[in-house]
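See below for the structure under consideration.
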Amino acid sequence: MAYPLQLGFQDATSPIMEELLHFHDHTLMIVFLISSLVLYIISTMLTTKLTHTNTMDAQEVETIWTILPAIILILIALPSLRILYMMDEINNPNLTIKTLGHQWYWSYEYSDYEDLSFDSYMIPTQDLLPGQLRLLEVDNHLVLPIELPIRMLISSEDVLHSWALPSMGLKTDAIPGRLNQATITSTRPGLFYGQCSEICGSNHSFMPIVLEMVPLKYFENWTSSMMSTS
């Protein structure tokens, strides 16, 4: 999760987020080199006497500043396209979760189980326990197993919402009448927090998401207990 005064990204919890962090560093390095070159050229022009002010043709220079930007764009585009392909690729998911956005809460349905679904509401500030996070805690966590590919089917019952988990590198719009899908694969257990990331009304900021990733054994015990109490 995020911390006060944090400047960087949250710790990666999924292979996709790890790839996004590498891509961010890769792109930032290219931008830094370009910025350094531009600043060097500007400082040189300001501190030295201009020469060749009457040059009408410079074929070599024009060739360089046409080809070099194209190469730079390719170096940025190739890893970006690779990550986009990875985010859209869903191969043999072990579990399918249907997520529906409402004003202003989330509902989850475990499609592989006969009758396992629930709503997830934010816990009001006055009901929080010591150590719980304001505007981020919910009454029912979305519990999923770690190290397994999970397909998320995301839609909305009313207006536009967006189901976002920064540590997973995941942000998928929930659109009425349309079913979007995403993949979750967690590399470690824990609690991971997100929020609705599309303005959806007066209580938009009160739609937190809490994902609880647990080992498969604990997940099976949890599903059994949930189905026995429903």
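Positions of Cβ are set from backbone N, Cα and C atoms, glycine also.
Positions annotated as topological domain 'Mitochondrial intermembrane' by Swiss-Prot: 1-14 (among others). Residue counts for the topological domain 'Mitochondrial intermembrane' (1-14) under DSSP, helix first, then strand, then coil, are 0 helix, 0 strand, 14 coil.
Using a Cβ-Cβ cut-off under 8 Å and counting only residues 6 or more beyond its ends in the same chain, the transmembrane segment (15-45) has close neighbours at 9, 72, 75-76, 79-80, 82-83, 86-87, 167-170, 183, 185, 187. Residues or ranges marked as transmembrane segment in Swiss-Prot (evidence: similarity to another entry): 15-45 (among others).
Taken from Swiss-Prot, the feature transmembrane segment applies to 60-87 (among others). Beyond its flanks by at least six residues, the transmembrane segment (60-87) meets 15-16, 19-20, 22-23, 26-27, 30, 34, 169, 182-183 of its own chain at Cβ-Cβ distances under 8 Å.
Feature annotation from Swiss-Prot assigns topological domain 'Mitochondrial intermembrane' to 88-230 (among others); the stated evidence is similarity to another entry.
The Cu cation A2 binding site annotation in Swiss-Prot covers Cys196, Glu198, Cys200, His204. The secondary structure of Cys196 (Cu cation A2 binding site), as reduced to three states from DSSP, is extended strand. Close to Cys196 (Cu cation A2 binding site) in the fold, though at least 6 residues off in sequence, lie Gly101, Trp104, His161, Ser162, Trp163, Ala164, His204, Met207, Pro208, Ile209, each with a CB less than 8 Å from its CB.
The Mg(2+) binding site feature in Swiss-Prot is assigned to Glu198; the stated evidence is similarity to another entry. Applying an 8 A CB threshold to same-chain residues 6+ apart, the list for Glu198 (Cu cation A2 binding site) reads Leu160, His161, Ser162, Asp173, Ala174, His204.
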Helix, strand and coil totals (DSSP H, G, I; E, B; other) for the topological domain 'Mitochondrial intermembrane' (88-230):
24 helix, 61 strand, 58 coil
Cβ contacts under 8 Å made by the topological domain 'Mitochondrial intermembrane' (1-14) with residues that lie 6+ beyond its boundaries:
20-21, 24, 133, 136, 166-170, 184-188, 190-193, 213
Tell me, if you would, which residue among Cys200, His204 (binding-site residues) has the fewest other CB atoms within 10 Å in the structure shown?
His204
